[in-house]
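Visitor: This is the structure I want to talk about, given as structure tokens.
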Amino acid sequence: MASVVCPKLGGFPARCRQWKLPRIQFLEKNMYRVWENQGFSCQKSIKTPHALATEVSFKASTPLNDKDRMLANYVPIYVMLQLEIITNDNVLKDKEDLEEQLKQLKDAGVDGVMCDVWWGIVESKGPKEYDWRAYRTLFQLVQDCKMKMQVVMSFHQCGGNIGDVVNIPIPHWVRDVGVTDPDIFYTDRIGNRNVEYLTIGVDNQPLFGGRTAIEMYSDYMKSFKENMVDFLEAELFTDIEVGLGPAGELRYPSYPQSQGWAFPGIGEFQCYDKYLKADFEEATTKVGHPEWEFPNDAGEYNNKPNETGFFGSKGYLSEKGKFFLTWYSNKLLIHGDEILEEANKAFMGCKVKLACKISGIHWWYKDETHAAELTAGYYNLNDRDGYCPIARMLSRHYAAFNFTCLEMRDSEQPTSAKSGPQELVQQVFTAVKREEGIMAGENALERYDYKAYNQILLSVRPNGINRKESPKLKMEALTFLRLGDDLLLKKNYNLFKRFVKKLHADQEYCSDLRKYSTVVPLERSKPKIPIEELLEATERIESFPFDDQTDMSVGGQLDDFIDGFFNMIPFF
């Protein structure tokens, strides 16, 4: 489900800067030593894209024959199924209608579909009482239609985010714990609770019938594996995305519509539950600053950065501000790392890729504070890369970095929001490739127009097709939002088919993933990366250059006009 908004933007080219890196020391197991801020080093200049290209270790391509040269440019597309395709009563909705829609997707050349596997539905009756029957019916239908699937272990609530048209809460027996202990939920500065997802603070607290939050997630994934062995062996699933926060994304719920947030508000920090407070107090005591507290001047959900002391008066650059932001973002990294460790154990040996979704928080990206990213837990600044440590962590688990907002252009955003979706996608793509990771993406909003399609095509192959071998910059897959009546309208459907063909680099649909991707059993996660090594990845480097426009365009304004004319003629 999408969680990124966009209403209108304008961009400028990235500038070359001298990037500087603060030095922070850490103890093992994420405990801090004496906090040192030793100033900034001016010895390292920002690296150029060309220098970076020679430093990144790309896997050598196998020489391709003439038939397969273009297939190496093939990007598969998976269309998101409706959020409510499995009802709250655990029943597959409108099976006959869905089958017809799947056939239409198949006719368009679509490779597969994606669906949320809702915790709040499957384990709704009680702890470890899993009911997978409706999902097995859905999976069998997709398999019968000869399509592949991406599935999401959705440990969050559906409802309260952009595009949420139904309400699927987390299991009632989990929420019941919150009646007597509301601190199991994320909490803002004035005490508002967010029931979308359990706070990171209870990841290792045995509050749920003796189980911790991570143990509940782990048991759920193990049960999925045990009950879907036949589908796994048949290689129906290509990706298993692990939900790690609100909207399934690795982030804090800093911009919830349910709390009155509206674009382009900076959002609020979400760490005021008693468990995270206690963790922060322990951390500050260890560095000799027990008097340090959470920011009390970071504003409210709909503030602009300059309306707050923490951002407007540079509090985020103070020693105390840096310590807080490091702690806040590190908790997110550790959370993702620990749950993906469990996912890797559950699915090890299966021919699937793990994946994690990261939110494309593009508003205030061009403001020096990056305030909206910071409140969400992405410690990204002009001189600090907040996405490379995430990419490094994901690479340990062979997990794809699935990024949103691929369809957005700067020119479509309000200049007052200082948005930069295009530059943000560039930065993230560079971070993932720098860490030799797997890059995938999706659009954030439902759009079926040529401008959005062309931007997505540019995002998935930033330097176009390569007629000799696999492109060095190519996304592993695109997840497209979303299947429904709008997509299948005649005008939209016809353009969508053209879009699919361009994603496939003008090649016919290919049912064999091995011809354009790697299909191997999931290996055991690599050794744990100490937090200080993750933070070494915060050195900012210049982004890879992207082409100005895609070389696989679906057309422009004239094509749109002509298509509109022919769509009015019944027999076309």
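Every residue, even glycine, has its Cβ placed from backbone N, Cα and C.
Because TrEMBL annotations are produced automatically, they should be read as predictions rather than curated entries.
Per TrEMBL, substrate binding site is recorded for Asp116, His156, Asp164, Lys357, His362, Thr404, Asn443, Ala444, Arg482. Among the features that TrEMBL reports, active site, proton donor is placed at Glu249. For Glu442, the entry in TrEMBL reads active site, proton acceptor.
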Visitor: Measuring Cα to Cα, how many Å separate Asn443 (substrate binding site) from the residue listed as 'active site, proton donor'?
Guide: 14
Visitor: Got a sec? Which of these binding-site residues, His362, Arg482, has the most Cβ atoms within 10 Å?
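Guide: Most Cβ neighbours within 10 Å: His362.
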Visitor: Counting across all protein chains shown, how many other Cβ atoms sit within 10 Å of the Cβ of Asn443 (substrate binding site)?
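Guide: Step by step: centre on the Cβ of Asn443 (substrate binding site), count other Cβ atoms within 10 Å, giving 25.
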Visitor: Please report the distance from the Cα of His362 (substrate binding site) to the Cα of the residue listed as 'active site, proton acceptor', rounded to the nearest angstrom.
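Guide: The residue listed as 'active site, proton acceptor' has its Cα 14 Å from the Cα of His362 (substrate binding site).
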Visitor: Give me the Cα-Cα distance between Glu249 (active site, proton donor) and Arg482 (substrate binding site), rounded to a whole Å.
Guide: 17
Visitor: Measuring Cα to Cα, how many angstrom lie between Glu442 (active site, proton acceptor) and Asp116 (substrate binding site)?
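Guide: Between the Cα atoms of Glu442 (active site, proton acceptor) and Asp116 (substrate binding site), the distance comes to 15 Å.
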